[in-house]
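Novice: Just dropping this structure here.
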Amino acid sequence: MFAVNLKICIFLSLVSFLLQCKNTLANVTFEQKVQTNLSHDKNGDIVYGHREFKGGIYAFLGYDNCTIEVNKTVNGIDWNEKKDVKVSGNNNIAVVYSIFTSEEKMILIFKCDNKFYITKYGKEFKWSDPKVIDVSNVIGTNTTPAVYSGSLLSMNNDFEKYILVCENHSQNYINVVDQEYMREIRLLGKCMLSFDEGNNWKNEVMNLYSDEGYTKINTLRLSDYGGKILVKGTNAQNLNQTIRSIILLCSNLHDWKLFCGLPTIRFRKDISVENLTYLNTYHLAIVKNEDKLQLAFTYDLFETFDPQYLNTEFNGVSHYFVLAPDEMVYLFYHGNEKKNYVIKIKTVPRKIGCELNTNDTVNKIYTYTYKYIYNNKLSAKTCKVPSSHLKYSSDGLYKLFEVRLPKDIKVTENCFRYSFLSDLNNKYHTTIIKTRVINKLEDYVEVQFHFPIYYTKFLYNYKSTYCVLSNNYRIVVEFDYIRNHIDLDFPFDTDTVKLYSNESVTHAFRNNTEKTHVHKFPKGTYMTSYFSYEKEYVISNYIEEPFSTTFTILTQTQMNVHFMAGGQKYKYEGIDLTDSSPNYELSLNSLSDSQNVDIFVSKFDNNKTIGFVCPVKSSYDGLNCFDNVYIKNKTLVKIEYLFGENDIFVVPQRRIYKTEGTAMESLLYLNNNNVKKLIDDKSIIHFYCECNVNNNVIKVNYYISPFYDENSIKQEINKKDQEITMINKTIPQDEKDILFNNEKVVPLSNEPQEIIQPPIQEKLNTTDPSKAYIYGANIIFIAIISIISLSISSFI
């Protein structure tokens, strides 16, 4: 009897313990402040790396003799390991400018005796010899650094990484005339950029501007904030008023001018924000309320900030949030009497995605919810997710997020179907984010959405796509990196602007007529239109030579535009039947008298982009490529089924701007996984597209295989039908998967595919496609407890 009672007692204790774990699973908690043993006998700041590196947290202190003292801690309190970075033969004080941290290395940029140096710390755990870098364009003898500490930054997409070094050039507007003070934008700083980790630096200086009212900012600190640059200014002045701090977010870039403004996150008017960061799926902030500093955070990452407060108050300056190991964030700050403190914050990671709550409970499992969105007939309830906050798949090829839905709520067929053309019927749109069910329980299902990171090269920033649920709620994904964008109707100080490759240009007009709005653009410029009074142009990725043109803007004045030569050609395997893109080797001029063209795609690296340009206005004119393609007997099939998998992605058809006529481009992208599968299958994919050129139907055959070379493919083609075994061998035989109506495009079904195996191992959100893994700790923990329980039971 005693044994039975003991078993029951152990069981109840375990249940109670597990329930407690469940209730505190996503609660943000903290430890009381502790003084660290890190000290600095100079007046300069201690600069911390923004995240741990190889299990350690690093602090950087500038000293005499051109020395940077690098301290390391594991627990945030005891700084026991110290290394020096030093330039010999110099007695001046070293000043830290930038610290970049990735999975593989730390990059330190510092200044001494008006020279800039760069040094790197990698897997050998030693600093490289400091190397002088030429950033003389940004040097100012009387200016102070705008210190950056963070990840490698992303511009326009996930692939374009850069580092920067900046000087504080915020001007003193106190003794200037009113007209100068009322200027719309004010200079914050000047930065130099490198896209190869400091080996080469761009000649152009990137200016930071703000449209917020201030007269001077004494100290600028920069950090990454979900793909953008966050500016933290302290000891700011606005005429005769002193402002303790100012927080700005930079997102618009043009002509190497980066424009910063107040973030969309808002606090109450009686609260001032001293610091703000985004770490480990939380917004974290230090706020000042009635002369008291408090720690605040939010569970919901949507645009509104409804903060929760941690029950701690403190005084100090130079606050640094640092992402530490074991799901912790350390807050370091400088207190009174030159003492340094740390507050440890437990931030349990959540799933990136949306939680459809049926009551007013706080979302602690997912990063977004529908709770704060006002629901009315004009605006459906929406959960908005920025692409820069999404996590990567374990192979680094996809962006992922999850949505938890009650079992009676379904994903509809028009989920995440998108088009660059506002006038196109949605049945011709392209499914750009695909779904699969990863967890199916009695009361709810979890649906995972995924799309390739390559999309961020094509789905331009601040463009969004949405999914409608069966209850009319919406999930919105915004592609939101720092972008190269200019609005020609924005009030400029000049009537002349420069435009560069890949820039997005908005132009509004009073009368939407084709004749009055014909302009000369570089070859390969795309055009979109979301409103009847406005057009947007995405300048070609490659401008062969410079030229000029003029635009009539809304004020009916002339804007002179100079297109600057430069950029990079992309290589698309396919053909341009309009000769309107710089990215194709084959064009209309390459055609012989034959109306059939064979494209052999057999030379592969790790990926491949396949393209087709046809002189039509839209899919209405019969352009079936690449969402649906033709196979033999003019049979129309879905591209996913042709490749035998659901990880094939098509870029929505885009309209290429032409002064005469029109052209549409469709792109099919094959990533590493797709290529590997084709190699393993030893198969050849064949399909064709048709295009009407000057009343002649041209048939373009695509033969795709990374396993066979072009000669082998031709040999297979020349065989008799019954002998051909390698071509399209993965096409399903089910009739419902093959469409015979070649007069219209049938939309792809987007009903979530149920995945039988467990969820794939995924990485946490980061701007680098590499970080710690989620291993399903709860399941492992329960398994361990179960084993212990069974062991005790056996013992008894």
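Here the Cβ of each residue, glycine as well, is placed from N, Cα and C on the backbone.
Pulled these from Swiss-Prot:
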- CYS614-CYS691: disulfide bond (DISULFID)
- CYS625-CYS689: disulfide bond (DISULFID)
- 571-720: domain '6-Cys' (DOMAIN)
- ASN27: N-linked glycosylation site (CARBOHYD)
- ASN37: N-linked glycosylation site (CARBOHYD)
- ASN65: N-linked glycosylation site (CARBOHYD)
- ASN71: N-linked glycosylation site (CARBOHYD)
- ASN168: N-linked glycosylation site (CARBOHYD)
- ASN240: N-linked glycosylation site (CARBOHYD)
- ASN275: N-linked glycosylation site (CARBOHYD)
- ASN359: N-linked glycosylation site (CARBOHYD)
- ASN502: N-linked glycosylation site (CARBOHYD)
- ASN633: N-linked glycosylation site (CARBOHYD)
- ASN728: N-linked glycosylation site (CARBOHYD)
- ASN765: N-linked glycosylation site (CARBOHYD)
- 1-26: signal peptide (SIGNAL)
Novice: Indicate whether ASN633 (N-linked glycosylation site) is helix, strand or coil by DSSP.
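Specialist: Note: ASN633 (N-linked glycosylation site) is helical by DSSP.
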Novice: Do you know offhand how many angstrom separate CYS691 (disulfide bond) and ASN71 (N-linked glycosylation site) by C-alpha?
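Specialist: On Cα coordinates alone, these residues lie 65 Å apart.
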Novice: Near ASN728 (N-linked glycosylation site), how many other Cβ atoms are within 10 Å of its Cβ?
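Specialist: Neighbour count, Cβ to Cβ under the 10 Å cut-off: 17.
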Novice: Please report the Cα separation of ASN37 (N-linked glycosylation site) and CYS625 (disulfide bond) in Å, rounded to an integer.
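Specialist: About 65 Å separates the two Cα atoms.
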Novice: Quick check on the glycosylation sites ASN27, ASN65, ASN275: which one has the highest count of other Cβ atoms within 10 Å of its Cβ?
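Specialist: For the glycosylation sites ASN27, ASN65, ASN275, the Cβ with the most other Cβ atoms within 10 Å is ASN275.
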Novice: How many whole Å apart are the CA atoms of CYS689 (disulfide bond) and CYS614 (disulfide bond)?
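Specialist: Between the alpha carbons of CYS689 (disulfide bond) and CYS614 (disulfide bond) there are 10 Å.
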Novice: Do you know the DSSP helix, strand and coil residue counts for the domain '6-Cys' (571-720)?
Specialist: 32 helix, 62 strand, 56 coil
Novice: Using C-alpha atoms only, work out the spacing between CYS625 (disulfide bond) and CYS614 (disulfide bond) and round it to an integer in Å.
Specialist: 10
Novice: Roughly how many Å lie between the Cα atoms of CYS614 (disulfide bond) and ASN502 (N-linked glycosylation site), rounded to a whole value?
Specialist: 22
Novice: Measuring CA to CA, name the entry from the glycosylation sites ASN27, ASN65, ASN168, ASN275, ASN633 that ends up nearest ASN502 (N-linked glycosylation site).
Specialist: ASN168
Novice: Measuring Cα to Cα, how many angstrom lie between ASN27 (N-linked glycosylation site) and ASN275 (N-linked glycosylation site)?
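Specialist: Between the alpha carbons of ASN27 (N-linked glycosylation site) and ASN275 (N-linked glycosylation site) there are 21 Å.
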Novice: Per DSSP, ASN275 (N-linked glycosylation site) is which: helix, strand or coil?
Specialist: strand
Novice: Indicate the candidate from ASN37, ASN71, ASN502, ASN633 with the smallest number of other Cβ atoms within 10 Å of its Cβ, considering only these glycosylation sites.
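Specialist: Across ASN37, ASN71, ASN502, ASN633, these glycosylation sites, the one with fewest Cβ atoms within 10 Å is ASN633.
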